[in-house]
Amino acid sequence: MGLDPALPALNRTVLGPGPFVLLGVPGLEALHTWLSVPVCLLYVAAVTGNGLLLGLVAADETLRAPMYQLLGLLAAADLVLATSTVPKALAVLWGLSREISFAACLAQLFVTHVTFIAESSVLLAMAVDRYVAICQPLRYGALLTQRVVAIVAVAAVARGAYVMVPPVALLQRLPYCGQRELPHTYCEHMGVARLACGDTRPNVWYGLATTLLSPALDLGLIAASYALILRAVFRLPSHGARCKALGTCGAHASVIALFYTPALFSFLAHRFGRRTVPRHIHILLANLYVVVPPALNPVVYGVRTQQIAQRLRRWLGLFWARAVRDVGPEKASRGTD
């Protein structure tokens, strides 16, 4: 009995394709090593800053207010977002490992997009927190409690998971006919869908709908919150207080713009700008939103917050004093030897 020639294609469809090959930044292969330097430095800054901030919020009992707990959620999301993408991107840019299995690719894009949506939800919650604190200060303690923060955390992750389960299922159902080269440094939903040889229109339209109904909607609500905050700020009688509040809002707006603009551009370019947007620009911007905001958020939202800055200086002072105390006896023992 002869083998059915359709079996290999059936196996590829059911089991998924072979490993993909991540190409990095097309057209800039000669600059991969140089591009990896700022990516690596920003990743180290993101891991260090968010790790310190998360540890500080978790360990210090004086930082139990909802505002600080929301900062802890943001730090956790930043750590996951950067760590789910940057290590593999660096391996690709350094030429160490460019292959990624189909299952690992789906897992990476699922975690990356879920974390992005969750972080977007946390940023929206933080904008609402600031609005209530400034515009409704008498109701702040009643409206924003630790229970509300816990609900925000669960809802943010659940929202991201519910949004991303359907596209992962759609990717698993698509037939793949041998195209393995993925022009990117990590796996994205539409980047993987473009490798399929079947109808990807459900992926395109579902991705567009979720882009408009999750990050784009969040961005609009965040902008509305800050507009109301600015209206309240301009009514403050003190010029110094107005300048301080405007400086804080400006810093927040800058980081929010760096988070949403490249991400929305990347999502929409996959669907409408394939022929007009240079591929290397698209890939560079897609890497921007997974590493730059995580590196800046601990500074903009954490160090600029007075109580966190004081606790951080205290922690570092204690660490330095302990290090000096431990080094002193060691030097003395070496002198006697």
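Cβ atoms are placed via backbone N, Cα and C, with glycine included.
Database features, via TrEMBL:
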- 49-301: domain 'G-protein coupled receptors family 1 profile' (DOMAIN)
- 35-58: transmembrane segment (TRANSMEM)
- 70-94: transmembrane segment (TRANSMEM)
- 100-127: transmembrane segment (TRANSMEM)
- 148-165: transmembrane segment (TRANSMEM)
- 212-234: transmembrane segment (TRANSMEM)
- 246-269: transmembrane segment (TRANSMEM)
- 281-303: transmembrane segment (TRANSMEM)
Q.
If I take every residue in the domain 'G-protein coupled receptors family 1 profile' (49-301) and average their pLDDT values, what number comes out?
A. 86
Q) Can you name the far-off residues of the same chain, 6+ from the ends of the transmembrane segment (246-269), with a Cβ under 8 Å from a Cβ of it? A) 116, 119-120, 123, 130, 188, 190, 207-208, 211, 215-216, 219, 222, 226, 229-230, 233, 277, 282, 285-286, 288-289, 292-293, 296-297, 300-301, 304
(Q) Using Cβ atoms and a strict cutoff of less than 8 Å, what residues sit near the transmembrane segment (212-234) while being 6 or more residues removed from its termini? (A) 116-117, 120-121, 123-124, 127-128, 130-131, 134-135, 159, 163, 242, 245-246, 249, 252-253, 256, 260, 263-264, 267
